[in-house]
Amino acid sequence: MLRKGTVALINPNQIHPPIAPYALDVLTTALEASGFEAHVLDLTFHLDDWRQTLRDYFRAERPLLVGVTCRNTDTVYALEQRPFVDGYKAVIDEVRRLTAAPVVAGGVGFSTMPFALVDYFGIEYGVKGPGEKIICDLARALAEGRSADRIHIPGLLVNRGPGNVTRVAPPALDPRAAPAPSSSPSPSPAPSSSSAPVPVPLSFAAVGHHESRAWQAETELPYTRRSGEPYKVDNLRYYREGGLGSILTKNGCVYKCSFCVEPDAKGTQFARRGITAVVDEMEALTAQGIHDLHTTDSEFNLSIAHSKNLLREIVRRRDHDATSPLRDLRLWVYCQPSPFDEEFAELLAAAGCAGVNIGADHTRPEMLDGWKVTAKGTRYYDFADTERLVQLCHRNGMLTMVEALFGMPGETLETMRDCVDRMMELDATVTGFSLGLRLLPYMGLAKSLAEQCDGVRTVRGLQSNNASGPIVLKQLHQCDGPIEYERQFMFDESGDFRLVCYFSPDLPEAPGTADSPDGIWRASVDFLWDRIPKSEQYRVMLPTLSGSSENDNNYADNPFLTSLNRKGYTGAFWAHWRDREAIMSGATLPLGELAEAVR
């Protein structure tokens, strides 16, 4: 088959343990189906020579388009606040020196602030949400020789000059898209080309917030997953060095939790993948020796009928084919406390599920109200659902991790203490407690705090380790455009990093902490460590401040995780958390059915 041209796809992530850039397999599948050659340049395994790797490639190849995936903007860990976008920019700057090909960025992290990042990176294009269809349309336009002012692809973000990024609206917007603010909006800056789309009044709807992106996703084809092939994602190497493979069953989320980026970044409707396509992909991965697969859905049990059907197909193939590689599958899933019934638990176990990570977040109903909600704003579970889920998992032989997140508005010592005590009573395999919330522009909580600030005042609890003064957020319609609105959550007025976070000012901190823009909630961290008896801390993940503990529960460059991988353990890292001290000390532990040495 004669190829129409080459698209280079770059993974700039250099965080370890490594996580396979699943998105690049998705894009590669779509581009190849559309007649293009896709070359993956994976810099994760080139920490010291990534510049030379890029130089060698672009000296030999002339791609018509370069795509860059940005999985995370930062660690999103409020007690650390470590940005990644500066590293991505360094990679992009090097690419710009080596090729004249236009650059398009995407990825879930990118999608949380796409206008600001197109501007910050100085690139031509961006994609918010699933990118497999849009990148093919863009590659096709470039292959046809269309000039920049003739490229109007629905969903594509276009850089029209410094401080001026526009988005080509899809032909039919979600009717539930957020309405324009009632106050008079500022107009978008005029585009530089008269043939560009006419700007619409600045509103959340105008920038594509609260919009379905199901039309952007490929749902019927199995994504091609490879190992050991040049210029492709090496999934087996990632498994050997990172301990997990990945599988997506659906995109988007119909829920509206106030501290979540999924409905905005991936869309407000589920784009459910075909059952056969997903299970074919899982079978291909396990056949390559990648036996531990973790779902990458926002939550696996949302749209539970689809998830049950998928599990039934896995079970059918495992039971009816003695040679099926799915018999070696160990599945790890993210779930919300509800919906989750006995049938679902039994299907998970029969399909080879090893563990369930439960995003319970809290036990108190007054904390969950307005936080963990449906699109209509109603809470969709209570703590009894969490209790039942843990019991069902343990009854069916599956490990559990239950997570709580402290620091939302209204959090007090009483609510935090009660949550700790009740979650410890669950006797989950591991219980994880986090403190503080990293704010991203289109979260419900972030929009609410911007509304309270109204561009003229700060709000107690707004915090950044690098803040040099009070943090005053503007609402979208008060900004010159979406770039300014999004940037304020990552940068200060001088352009320096200032990752904006939130900690409840009602927690018992030292005087002045909640009123200080760079205050550190030390007393709350200390309380959590003191509340858990030392005899129970082996099964608990606790928040840490720099230097406060060797048991850091943040993923990026985590010494425990990297030690696990060097020793050949696989599966979700929390499954080995109870044995962390022995593993870190170098003790040789028997490798059970939930941990396998990759040979």
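Numbers run from 1 along the shown chain.
Cβ atoms are placed via backbone N, Cα and C, with glycine included.
Not measured: the values here are computed from a predicted model.
Per Swiss-Prot, domain 'B12-binding' is recorded for 4-149. The region 'Disordered' annotation in Swiss-Prot covers 167-197. The compositional bias 'Low complexity' annotation in Swiss-Prot covers 168-181. Among the features that Swiss-Prot reports, [4Fe-4S] cluster binding site is placed at CYS253, CYS257, CYS260.
Around the Cβ of CYS260 ([4Fe-4S] cluster binding site), 20 further Cβ atoms fall within 10 Å across all displayed protein chains. Residues of the domain 'B12-binding' (4-149) grouped by DSSP class, helix first, strand second and coil last, total 65 helix, 26 strand, 55 coil. Sequence-distant contacts (6 or more apart, same chain, Cβ under 8 Å) of CYS257 ([4Fe-4S] cluster binding site) comprise TRP371, LYS372, VAL373, GLY444. Proximity of CYS253 ([4Fe-4S] cluster binding site) to non-local residues of its own chain (separation of 6 or more, Cβ distance below 8 Å) is seen for CYS260, GLU262, PRO263, LYS266, GLY267, THR268, PHE270, SER298, GLU299, LEU302, given in sequence order. Annotation note: CYS253 ([4Fe-4S] cluster binding site) sits in a coil segment as assigned by DSSP. For the domain 'B12-binding' (4-149), the predicted model reports an average pLDDT of 97.
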